[in-house]
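Listed in TrEMBL for this protein:
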type	residues	note
DOMAIN	A:6-80	domain 'Glycine transporter'
TRANSMEM	A:6-23	transmembrane segment
TRANSMEM	A:30-51	transmembrane segment
TRANSMEM	A:63-83	transmembrane segment
TRANSMEM	A:90-112	transmembrane segment
DOMAIN	A:91-164	domain 'Glycine transporter'
TRANSMEM	A:118-138	transmembrane segment
TRANSMEM	A:150-168	transmembrane segment
TRANSMEM	A:174-197	transmembrane segment
Amino acid sequence: MSLIALLDHAAVLVFALTGALVASRAQLDIIGFAFLAILTGVGGGTIRDVLLDRNPVFWMSDPTYLGVAVLAALVVFFTAHLFESRYKAILWLDAAALSFAVAAGANIAAALGQSAPIVVVMGAVTGCLGGLMRDVVANEVPLVLKQGELYVTCSVAGAAVIAFAPVAGLGPTLTVLVAAAITFGLRAGSIAFGWSLPVYKSRPPRN
Amino acid sequence: MSLIALLDHAAVLVFALTGALVASRAQLDIIGFAFLAILTGVGGGTIRDVLLDRNPVFWMSDPTYLGVAVLAALVVFFTAHLFESRYKAILWLDAAALSFAVAAGANIAAALGQSAPIVVVMGAVTGCLGGLMRDVVANEVPLVLKQGELYVTCSVAGAAVIAFAPVAGLGPTLTVLVAAAITFGLRAGSIAFGWSLPVYKSRPPRN
Amino acid sequence: MSLIALLDHAAVLVFALTGALVASRAQLDIIGFAFLAILTGVGGGTIRDVLLDRNPVFWMSDPTYLGVAVLAALVVFFTAHLFESRYKAILWLDAAALSFAVAAGANIAAALGQSAPIVVVMGAVTGCLGGLMRDVVANEVPLVLKQGELYVTCSVAGAAVIAFAPVAGLGPTLTVLVAAAITFGLRAGSIAFGWSLPVYKSRPPRN
């Protein structure tokens, strides 16, 4: 299995875990767990593939992705009572999934010869939209839009590494690893140290 | 008209009725009724067709689907005051729509030679996602995620019949009818007798 | 640049402004502004292109669309405190964006030889779905479903002009201008004078 395929499977697995954990909050049955796990696990990559007109969509040509997501649902269904005291651990796993997904997603766009802005957008789409759909469907505040989470910012930064790697002369494996590391590092800084960008604050109108 | 085309039109019609009924709760105008009716009626099948790269999407090659959805919107706009005292009747109609859509959707995937897991997923996508979009847009709790509704479970069970029919040696018409009957039967048991799967209950953490 | 390309860019720009303004309410950072600006600006046209199987999607073949949306995000991030006292002005800009997007979107479907119902639907999809996704993601009541906004109605009316222009014998440029004018005029009447269609009112059930 190539590095990209490995990252892609890891991203699906860990995003599926987060989907199943959201299902545990909503006290769903096992099929509800699997539904949210699949939606979260493959959602972002599916939108990427539809936009890039990759056919078939990645999990349709390789059903192990669905198997991985269902496995994550099963594991969480029987062990979520352990996880619940470990919300921090989940945030960290999610940060890992994000870094895998961004690197893999941007790399796929770059390999298709897309321009730098599209590579960046596809990294962010792959990383952010599965979790966004999970949160919208489960009626939670989307993590990508929460203040101070740097979620989209990490994705853009990581994907930009892949978009501009040809300029910097990095080899393909190193590029992917650096992209994932930068995504994870920024997200980790946000979780652990509260790193954030200035937010918009409304000021009294001048007129 | 073939059995599959008949099921497909029936599913669009009845899902459109449910979309228009949600519009009546939000007190929309007639165009708002049509908007939600079309979204609910053709939404699941549209995502199925985009994922399967079926081109054109089913309602674009045959505009009678749109006509059926608009008709449903008109009927409900002028008669919803009768329906409102009949929420049970609507739940039953919706169960029928689900069984039509799952059988038709899974059959389309099977006819394209997709693998069993993809056939099952496409049945669930066709059956569940139109209603999911209706509920998300109208800001209602998604029916597919409500406890004890067995919504996704019925879809998976019905679609599995079609996925594994070749093994069982059923003929194509019988397969579709059995799939629809199993979907409807499970959903009916859930509505009438409260059939459900065990849900996840959080237990005190061990540590 | 052709008239259609001009309308398309203008629609992306002004919809992106509205997305960024929603971001300012949620007090996001600059990347959050860009995320909502891009989603709102290109969302409707993206769904149109996926449904019509136009490949590549419009903003992938011409990255200036993304640049325009990011520019809108930047402008709003630094000036939203001025805009906030001008909600009316924004409603009017949004009405302009809607009229551009409906005319451009319906025209694209007509140029592909689609039937009249599909042309109308594609106009409404292009005009309405970017804002719908913005509102769903930001957890606001979707403008397209608000009572008395005539939002979908304006889109359908404007797109119908393009669908039936061949019958009326209008030239292509005039058709697009009339379509945009009708969309804008109806929406303006709704904002300024409260024009609306009768809404569904529940009556006491007869039985």
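Using the three backbone atoms N, Cα and C, a Cβ is placed for every residue, glycine included.
Scored by C-beta pairs under 8 angstroms, the transmembrane segment (A:6-23) has its highest count with A:63-83, from the stretches A:63-83, A:150-168, A:174-197. Taking pairs at least six residues apart, the transmembrane segment (A:118-138) and the transmembrane segment (A:63-83) share fewer than three Cβ pairs below 8 Å and do not count as touching. Each residue of the domain 'Glycine transporter' (A:91-164) gets a DSSP state, and the totals for helix, strand and coil are 60 helix, 0 strand, 14 coil. With a cut-off of 8 Å between Cβ atoms, the residues of this chain six or more beyond the transmembrane segment (A:30-51) that come close are 8, 11-13, 15-20, 22-24, 57-59, 65-66, 68-70, 72-74, 76-77, 101, 104-105, 108-109, 122, 125-134, 137-138. Counting residues of the domain 'Glycine transporter' (A:6-80) by DSSP class, helix then strand then coil, yields 63 helix, 1 strand, 11 coil. The predicted model assigns the domain 'Glycine transporter' (A:6-80) a mean pLDDT of 93.
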